[in-house]
Each structure stands twice: as C-alpha cells, then as structure tokens.
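K.L.:
Got a structure here, written out as structure tokens. Questions coming.
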Ligand SMILES: NC(=O)C1=CN([C@@H]2O[C@H](COP(=O)(O)OP(=O)(O)OC[C@H]3O[C@@H](n4cnc5c(N)ncnc54)[C@H](O)[C@@H]3O)[C@@H](O)[C@H]2O)C=CC1
Ligand SMILES: O=C(O)C(=O)Cc1ccc(O)cc1
C-alpha cells in the first residue's frame with residue numbers, strides 16, 4: 001500500500017549521499033523516482049542500489065517535485081534550470097546553506113515570480129562524513145530535523161509539497177526563515193566542523209607514539225574532521241557572514257584561556273578555568289536528546305566482548321530479550337588485545353537490571 005503524502009514522480013538531480021538517500025527513502029514508500037547526475041557513475045550506482053530510474057536524455061516527464069541534491073555552488077543554477085525545464089513542478093534543494101541560494105534565485109533574470117513561487121529551500125539535518133551514492137541510506141532522515149525555509153513568494157502548494165517530502169522520509173519538520181536557518185546551522189553544524197578540523201590539524205606532525213595514546217575524547221572531537229573537503233569549502237564560503245561572529249567569540253575565549261594559563265597560579269586563574277569547564281558543561285547539557293527530546297542523561301554500562309564474529313549480535317539479542325531498550329551503543333577496541341569494550345546506554349532506571357542480566361548470562365561487565 002502506498003502511504004506517502006507525495007504522489008510522485010519525483011526527480012532527484014544530484015545523486016550523491018543525500019540525493020540517493022532521498023531516492024531510497026521515497027522508493028521504500030512506493031513513490032516513483034527518476035535520477036539525474038552530471039556524473040554517469042553516480043547516477044548508475046544510485047540506480048543499481050534501488051534509488052530510482054535514470055532519466056534518459058530526451059525522455060519527457062512531468063514530475064510533481066524536483067529535489068536538487070548537488071553541492072551548494074551549483075545549487076541555485078540547477079534550481080533555476082529545473083523551474084524552467086519542468087514548468088509545473090515544485091522544486092526544492094537540500095543544500096546546507098539557504099540565504100546565498102535564495103539571493104541568487106531572486107537575482108536570476110530567467111525567473112519570474114510565478115517560477116520562483118514553485119521553489120522552497122529545505123535542509124535535512126542528517127548526513128555522514130562520507131559522500132557519494134554508495135554511502136546513501138534510505139533511513140538517513142528518520143526522526144532527524146528537516147528545515148523548511150519558505151520564502152515570501154513561495155506558493156502554498158510548493159510549501160505543502162516540500163513538507164510532504166520531509167514527512168514521507170520520516171523527518172521532524174522545522175519551519176524557519178533563511179537568515180534564522182543560516183545563523184542556526186553556523187552555530188550547530190558549521191562551527192563544530194571548523195573546530196573539529198582545527199583540532200585534527202594539530203595532529204599532523206604529532207609523533208606516532210603520542211597518537212598511539214588516543215582515546216575516545218580525541219575520536220569524538222575529530223569524527224567530522226574526516227568530512228568531504230570539497231563540500232565543506234563551499235559551505236564555509238556560502239555561510240561566512242554567520243560564522244564570523246561565532247569564530248570571533250571562540251577567539252576571545254582562546255585568548256582568555258591563554259592569558260590565564262600564562263599565570264595559572266595568579267589571582268582568579270583557577271576560577272577562570274572552572275568557569276570554562278562549567279560553561280562547557282552547561283552548554284553540552286542543552287543539546288537535545290534523541291529525536292529532539294529534552295536532554296537526558298543515560299546510564300552507561302560497559303561490557304567486555306571477545307573480538308569474535310557474532311559477539312555483538314548476541315549481546316544485543318540478550319539485551320532485547322530482557323526487554324531493555326538500547327538508547328545508544330559505542331564500541332572501542334583495545335589496542336593489542338583480542339577484546340573490545342562496548343558502552344551500552346540505557347535509561348538510568350534499567351541500569352541495575354541490565355547489569356544483573358548480563359552478569360547472570362556470563363558477560364564481563366566493567367563497573
Ligand atoms: N553530506 C552531508 O552530510 C549533508 C549534505 N547536505 C547537502 O546536500 C547536498 C549534497 O551533498 P552530498 O550528497 O553530501 O554530496 P555528494 O558529493 O555525495 O553528492 C553530490 C552529487 O551532485 C552531483 N553534481 C554536481 N554537480 C552537478 C550538476 N551540475 N548536475 C547534476 N549533478 C551534479 C555530483 O556528481 C554528486 O553525485 C549539498 O548541497 C550539501 O550541502 C545536507 C545535509 C547533510
Ligand atoms: O555528521 C553529523 O553529525 C552532521 O551533522 C552531518 C551534517 C552535515 C552537513 C549538514 O548540512 C547537515 C548535517
């Protein structure tokens with residue numbers, strides 16, 4: 001049964017990580033999807049993994065919706081071309097920046113108000129540090145935020161169609177203006193990327209014996225430093241104005257920390273350091289929990305597992321069989337040992353029960 005809000009067909013232009021994930025998610029809902037990419041291999045892989053059917057040159061279609069999933073630099077031009085090529089379609093983009101794209105469309109002499117009324121900027125807040133169609137996942141957007149940035153000239157039909165896309169892909173919709181969007185993502189996405197890249201770049205000349213000591217603190221703070229460089233230079237340059245004040249505030253914090261550390265026993269120095277940490281604690285505690293729920297501290301139970309096939313699956317089965325919901329899971333390999341440490345997060349009220357069950361079943365639980 002087709003339970004989608006969109007009737008389709010949908011044309012995805014730019015079948016990389018995000019575009020192919022859109023295609024896979026819509027196909028799973030029974031929506032017809034056509035694919036187009038400047039790279040034949042990207043479109044080919046997207047088609048092969050079931051994200052839709054490649055739109056052939058000269059093939060005429062009248063899509064309900066066109067989704068532009070290309071990098072920010074080319075997005076405005078592709079939106080404009082799609083508005084002209086498909087005169088009845090709603091066109092949305094999913095790029096990480098919104099203001100620069102809207103300004104380019106407003107200045108584009110090929111478009112009139114009627115054409116612009118069929119455009120809505122959107123931004124799914126979900127991704128991976130990998131790019132390309134092979135990394136795509138149909139469930140990428142499930143329960144993740146998806147920002148809808150209607151502009152003053154967007155038609156009601158265009159907004160409804162854009163919202164239907166987010167709903168069909170299981171995302172949680174947020175309506176925002178473009179400026180509010182760009183300032184928000186500068187803080188919660190673009191600044192963390194810049195900070196992560198800067199932390200990781202300090203490691204470039206570090207000797208191997210220092211790096212050999214690395215634990216989860218370094219891995220957590222540098223995970224997104226592995227992101228696609230070609231995409232991020234575009235995101236930074238398109239959202240520079242919103243990023244500058246945040247980087248300036250961090251620069252002030254850094255200057256203050258350096259001054260304090262130059263005289264760590266000086267008057268007020270320890271208070272200053274304590275403030276750095278407590279303000280960080282308070283900021284971290286404000287990050288919402290899974291699915292936009294209020295921040296929640298989960299209880300962590302660490303289990304030692306043998307580095308053998310099937311161990312994690314067995315552990316998860318036993319947790320499930322005990323009726324305990326798994327909130328998060330992380331695994332760390334201990335260098336040079338044939339064991340891994342699995343951090344299992346559960347609701348605090350289920351922690352003791354989980355420890356009892358696992359210990360009873362023969363697992364080694366680290367307390
Ligand atoms: N990677 C992420 O985590 C997220 C990315 N986004 C946004 O999604 C968009 C796509 O990003 P990714 O999928 O990660 O990139 P990607 O590099 O995996 O895919 C981009 C695709 O666009 C194609 N393309 C480039 N120019 C084109 C053109 N002129 N016509 C047709 N296709 C063209 C490329 O060949 C490539 O297949 C970007 O605008 C990005 O800002 C949004 C949320 C998360
Ligand atoms: O990997 C993560 O944590 C992300 O936050 C991914 C991401 C990257 C770019 C976006 O525009 C939106 C989301």
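Yeah, the Cβs are placed from backbone N, Cα and C, and that goes for glycine too.
Automated prediction, rather than curation, is the source of TrEMBL annotations.
Worth saying up front: this structure is predicted, and the values here are computed from it rather than measured.
Relevant sequence annotations retrieved from TrEMBL are reproduced here:
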type     : residues : note
DOMAIN   : 8-291    : domain 'Prephenate/arogenate dehydrogenase'
DOMAIN   : 300-367  : domain 'ACT'
TRANSMEM : 6-26     : transmembrane segment
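Tell me what's around each of these sites.
P.N.:
Restricting the average to the domain 'Prephenate/arogenate dehydrogenase' (8-291) gives a pLDDT of 97.
Helix, strand and coil residue tallies for the domain 'ACT' (300-367), in that order: 24 helix, 24 strand, 20 coil [DSSP].
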